[in-house]
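Copied over from Swiss-Prot:
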{"type": "BINDING", "residues": "Cys335, His386, His512", "note": "Zn(2+) binding site"}
{"type": "DOMAIN", "residues": "1-61", "note": "domain 'TGS'"}
{"type": "REGION", "residues": "242-535", "note": "region 'Catalytic'"}
Amino acid sequence: MPDIQLPDGSHRQFAEPVTGLTLARAIGSGLARAAVAMRVDGILKDLSAVLDQDAEVAIVTRDSADGLEVIRHSTAHLLAQAVQSLYPEAQVTIGPVIDNGFYYDFAFPRGFTPEDLEAIEARMHALVKENLPVQREMLSREDAIALFEKMGEDYKVEIIRAIPRGEPLSLYRQGDFVDLCRGPHVPSTGVLGAFKLQRVAGAYWRGDSRNPMLQRIYGTAWAQQKDLDAYLQQLAEAEKRDHRRIGTELELFSIQEDAGGGLVFWHPMGSRVRRVIEDFWKEAHVEAGYDLLYTPHIAHEQLWYTSGHKDFYSESMFDPMQDEGQAYQLKPMNCPFHILIYKDKLHSYRDLPIRWAELGTVYRHEMSGALHGLMRVRGFTQDDAHVFCRPDQIEAEIGAVLVLVRKILGTFGFDQYEINLSTRPGHSVGSDEIWDAATQALRNALERAGLEYQVDAGGGAFYGPKIDLKIQDAIGRKWQCSTVQLDFNLPERFAMEYVAEDGARKVPIMVHRAIFGSIERFFGVLIEHYEGKFPVWLAPVQAVVLPISEHYSEYAESVSDVLVKRGIRAETDLRNEKIGYKIRAHTLRRVPYLLVVGEREKEAGTVAVRDRNGQDLGTLSIDAVGATLQKMDQARVNTLEWQG
């Protein structure tokens, strides 16, 4: 007689084994209608799974995070079923869940067209209406291989052969479609429906360019149609904000294919913004007690063996280069360089904490298919910092880091966060004592800062717990940004030491910390967050002076000179064009303030001020305009509201 404990602590007892769906119905008809899966003693399972012994069970509903995962996974299977029903020659490979959706890779002799996607999506909706039961079956390794060989599914056979012997194999049937899968899945195809196929891309089998090219169909799926509609609206808004298009229009940056993919060229306008970002970052770090470092771009290959990168990270590193019999490699990270500086002399406990920061360019060997504008590149500048401290200083240092993170991100207009605390995984280095103390220090620092967070149990790196922070942009998207990572591994690998109060040699704690993640990616996020309409303190051109005719060019230049001497990024448009044309041109350039001058302004020593939204701010003296722009720039104001 199974005794089932529910999340609220209540119990349900049954005279005989029951399925998850039976349990859901016993709790309530509404819950049963919303149910898509269940967690049994923490393990996600199908609703059809039998509960034949005592267990803690939570019914998973369609609108929960687990529920969305199951819906998206099941929709990927629905996609594969639809493709094979329309194109029997297509072979299925893999179809995982990704952020906000799913994809499925197919071996198909030609590329899928937009018309194909329409037909596939229509077929998927027809299969939903059929409300086909989704059934799980267990097979032996031999039977599974025989089944998929008979079906001509070569890729599935390859996958099965790679699975360790003795590991249970399951497949799922819905109608005449069969797929190898661990599950779980929705009870029937009728549960699905709020989905949209989005695009097709090429993808190599197993991500290896030596393997066949597959056709990858991307889609999104949601619990309800209203959620899908909201997401598609967000995508449409995101398309308007695409940093690649805006970056080209505003001449901020480019990717030059003649030089290679994933390598960013900063144009003059983008370089101005970058300089503002970096100057603020440096100023904030110096105020917070950091010293700034500069380190090389390459190092002996042996250094990367010492750090462990050659063992655990070599696929993301560019190949070594040879010089006089010595192998060098581009750095994928800055940490070993900071450690070498630390080891240049012996430190006392009184020297700690040591806080070092660097805007260091690193290089990652990203696959070409993964590259995406500024968001995924091969060469980028990390806003890297490392704190070397004693165990008793961890909490205070993490607290100080969180203060700095919020100060810097808040200045750019980001004040809504999603925070995860990732704890010790199964395989790790370091004693129980140091892990427990360090994890508690991170908790305490978060709670003292009044920050809400979720615990990602077992999600930490093998060398220490960490805090990850995502920022939310203007249209509600979340971007991984800041990371605070404790490291018990590198100090040991590099034999780092400090002299403790009792004279003993001890190993310091190392804190890795980035706030932006990378300058390039953060700039891409900024472009999309502001839709290229940077606040005045970030704008590459803060004000442009527009004479209504060439007769006022000299006066316009004198106005610009006054502003430039105040440190304002001002320009003058002396083209022989109508004033309406100039206003439109610089509005499209997203210049915050347009200063129009003619006879009246020249006589009075004034300018007519308007913002890029077309609001008339009145006629003001040159000094008043300069003082206001200077004040807004120095205060790092994030709105267009005139502060005069």
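Using the three backbone atoms N, Cα and C, a Cβ is placed for every residue, glycine included.
Worth saying up front: this structure is predicted, and the values here are computed from it rather than measured.
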Cβ-centroid neighbours of Zn(2+) site Cys335, His386, His512, 8 Å, sequence order: Met333, Asn334, His338, Ile339, Asp384, Ala385, Gln485, Asp487, Leu490, Met510, Val511, Arg513
Residues in the domain 'TGS' (1-61) grouped by DSSP into helix, strand and remaining coil: 14 helix, 26 strand, 21 coil
Residue with minimal Cβ packing [other Cβ atoms within 10 Å] among the binding-site residues His386, His512: His512
Three-state secondary structure, Cys335 (Zn(2+) binding site) (per DSSP): helix
Mean per-residue pLDDT computed across the domain 'TGS' (1-61): 94
